[in-house]
Every structure is written in structure tokens, then in C-alpha cells.
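Enquirer: The structure's right below; bear with me while I get my questions together.
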Amino acid sequence: MEATAASTSLPDPGDFDRNVPRICGVCGDRATGFHFNAMTCEGCKGFFRRSMKRKALFTCPFNGDCRITKDNRRHCQACRLKRCIDIGMMKEFILTDEEVQRKREMILKRKEEEALKDSLRPKLSEEQQRIITTLLEAHHKTYDDTYSDFSQFRPPVRNSEDEGNRPLRSILTPSFSGNSSSSCSDHCTSSPDTMEPTSFSNQDLNEEDSDDPSVTLDLSQLSMLPHLADLVSYSIQKVIGFAKMIPGFRDLTPEDQIVLLKSSAIEVIMLRSNQSFTLDDDMSWTCGSPDYKYQVSDVTRAGHSLELIEPLIKFQVGLKKLNLHEEEHVLLMAICIVSPDRPGVQDAALVEAIQDRLSNTLQTYIRCRHPPPGSHLLYAKMIQKLADLRSLNEEHSKQYRCLSFQPESSMKLTPLLFEVFGNEIS
């Protein structure tokens, strides 16, 4: 009787390629797995079990070395059983009737427990799934990760070599006193805005005046202000586009929409910018080409002090380390925009109802889709980031007022910046 090579012990499951057909070691039929310590088909598995339970004694009618195949395996039970034993099948692996019953009961119990767990596990409702899908689509439509539009801004000018090559950690120090900010605050009081803002709801966002580049180059300490002013104006337009697609946002009055957009714009821009923020040594915002890699020194050249930049970098690092899913990121932006506690909101109840739907969706998503340990206290950490943004918004407002009240810097700003930040609500 011809023998085929077969293992008599349980192999490592990783040794088998799922795409390679497995062959029964007894008859050569397609094997379904390891049964009683050998690779066999269902037919030979059942034959061996029945034979062992009955303690059957078979006699070969021929010379005791019949070749067993799929077609003739029923012809000689003696040689078939001998073949089963030769390839390593063991009766010790056969369960008794009681053991079989216990195993069935355990399997049934496990299935019932899994079904109960599944029924108790939070699931996204159809409405919540629609909210997430809508926000993802809105974000993809309003955030270009190729940053191709940046070439349309006034060009970045980095002509201050003494700061340009300084590493981030030499600029951001725990002992920073913030003198530049305090000195600015000395002469930038909370006097009313001198510029009359245009109508926000009717403004053509694509028509913004640009200043003469020759004037920009004369003020090296503000060399990056024209470029970053255009960048922020561009980002505001994108935030507006995103907000309009938030489910429920268009149900608000135009007045409340404007209030929410004006008060949250810079916060959402800071949230959006986390996508391009890198945790390298220089901790920069990388937006495509080297020309659009923004470091701390670039922000200082736009007139901002470390009183804003230090907490901004800390915020960006903390947010990046949360490793948010894109779904969580867009929900956080929407929650940030639709905040009922913004000063000037008229229908706070409706705004709160919209925000509650978004918040509930975020919490359910985290429980359903964000595996531990990253999900631990994640919602609370995200809400804390919104509180951090309020502080950043307040500091940005102070520093923006300093810029807007100085003729040499205000002339670098855009009409949209004056409209959104020039008539500060918060």
C-alpha cells in the first residue's frame, strides 16, 4: 500500500497557506482541517470516530495493503482504519457523548453571551452615521491637503536671518516673560474699532484687496504678515463653507450663524491646522513645499508674540498626541462652531440642541469605534481642548487688536479679517 507524507502532530497554523488546498491524509479528498491529530476530510473523520466508539474489528479481504482513495475508501474499512492510525489519528482525541454535549452547551452559551454583549454595545444610529458622513464630506470639500491654493497668497517673506535659523526650543522657554505682548497691551486698549465692518453675510469672500508688495518689504519685522493674513482669510472662507454643511446649522437665523462663525473662526482654524502640524524637533506646520512650512519665527514675523505662540504650540502637541480619527476631528470642529455660550447668540436653545446631537454622536463614536487605550477619557480630553481654544481665542483677539490699530500693520490685513476679527464679539 502506497503511503503519502503526513504529519503525526499538530503543526503551527501559520505553516499553512489558506490559498493552498489541503489534502486528506487518508483518502486524498479535500481536507477540512485537523481532526483527532491529523489532517483529514469530513468523511474520514466520521469513519474514525465511529470505528473507535464501536471498537470495531475489520478484516481486509485482500492482502492488507489496499490503497485508499476518495473513490474506493468504502471498499476496505480495515485498510482505511489502518491508514487513519498510520497518519497519526488518535482515539484519545475523541470526545465522549457527555463531553460532546458539554462542548455544545459551552458553544451555545458563548454565542448567547456574545449576542447579549452585542445588544448592549452602543451603536451609531442611522442619524448619527449620517451626521458623520455629512461632516466628513464637508471637511473633504473645504480642506485641500495639497495646499495648492497657497501659491495665490501674497508670497511669504522671511528676511530676518537672526531669528529664522533659531531652533524652536531656544525661542520657546519656560521663563519667557511676554514683554512684547505686555508692551503692546500698554498702548492697545479696548477702544472701539475704528473701521466699520462690511456686511458679513453678503460679502464676496473671493474679492479681497492686496497691498503693494513693495510696502510689505519695507517692514521686515512684519514680513510674514501679508502672507499669513491671506492664509487666515482663505481659512476663514473654508470654515464658513464647512459650517454651512453642519447638520442643523442652516436652521439657525442668519444673525446667529454670523455670531457663531465670527466667534469660532480662529478656533476652528487652529483645529484644522493640526492636520499639517508635525511633532518633529522644529514643531512646524508643513503645508506642501518648503515655502509653506511655517515655524514659530514665521508667526512672530506676522506680529504675534509668544504669549499666543507658546500655548498654541502646547495645544497643537496635545491635540496631535490624542491621535484622533478623522471622524472625531470633524465632530470636534462642528461642536466648536455650534456653541450656545458664545456672546450674542439669540436662540441659545436651538444652538444647544444642535450641539447636543453632535456631542452625543461623538461620544457614541468613541465608544463604538475608538479602541482602548486611546479611548480612555478621550471625550473629556477633547472637551478640554475646546476650553484651551477659548483661551487662545482671547489672546489672539488681544494681539489682533494691537495689529489692527497700528497703520503699518493694519494695511497688511484683508477686508475679511477686519470683518471677522475687527468687530470682536468675545
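From the backbone N, Cα and C atoms, a Cβ is placed for every residue, glycine too.
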Enquirer: Can you check which of 60-84, 285-309, 360-384, 385-409 Swiss-Prot lists as zinc finger?
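Expert: The range carrying the zinc finger annotation in Swiss-Prot is 60-84.
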Enquirer: Can you match one of Ser233, Ser235, Ser359 to the calcitriol site that Swiss-Prot gives for Tyr143, Arg272, Ser276, His304, His396?
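Expert: Given Tyr143, Arg272, Ser276, His304, His396 bind calcitriol in Swiss-Prot, the matching entry from Ser233, Ser235, Ser359 is Ser235.
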Enquirer: Identify the motif '9aaTAD' range according to Swiss-Prot, selecting from 100-108, 244-252, 334-342, 415-423.
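Expert: Motif '9aaTAD', as annotated by Swiss-Prot, spans 415-423.
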Enquirer: Distance between Cys41 (Zn(2+) 1 binding site) and Cys79 (Zn(2+) 2 binding site) at the Cα atoms, whole Å?
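Expert: A Cα-Cα distance of 16 Å.
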Enquirer: Same chain, outside the zinc finger (60-84) by at least 6, Cβ under 8 Å from its Cβ: which residues?
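Expert: Distant Cβ neighbours of the zinc finger (60-84) are 1-2, 24-29, 38, 40, 43-44, 47-48, 51.
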Enquirer: May I ask which residues of the same chain, at least 6 positions away in sequence, place their Cβ under 8 angstroms from the Cβ of Cys44 (Zn(2+) 1 binding site)?
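Expert: Expected: Cys24, Val26, Cys27, Asp29, His35, Arg73, Arg80, Cys84.
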Enquirer: So what's near the region 'Interaction with coactivator LXXLL motif' (244-262) in sequence-distant terms, Cβ-Cβ under 8 Å and 6+ beyond its ends?
Expert: 130-131, 134-135, 137-138, 141, 200-201, 334, 337-339, 342-347, 350-351, 353-354, 357-358, 420-421, 423, 425
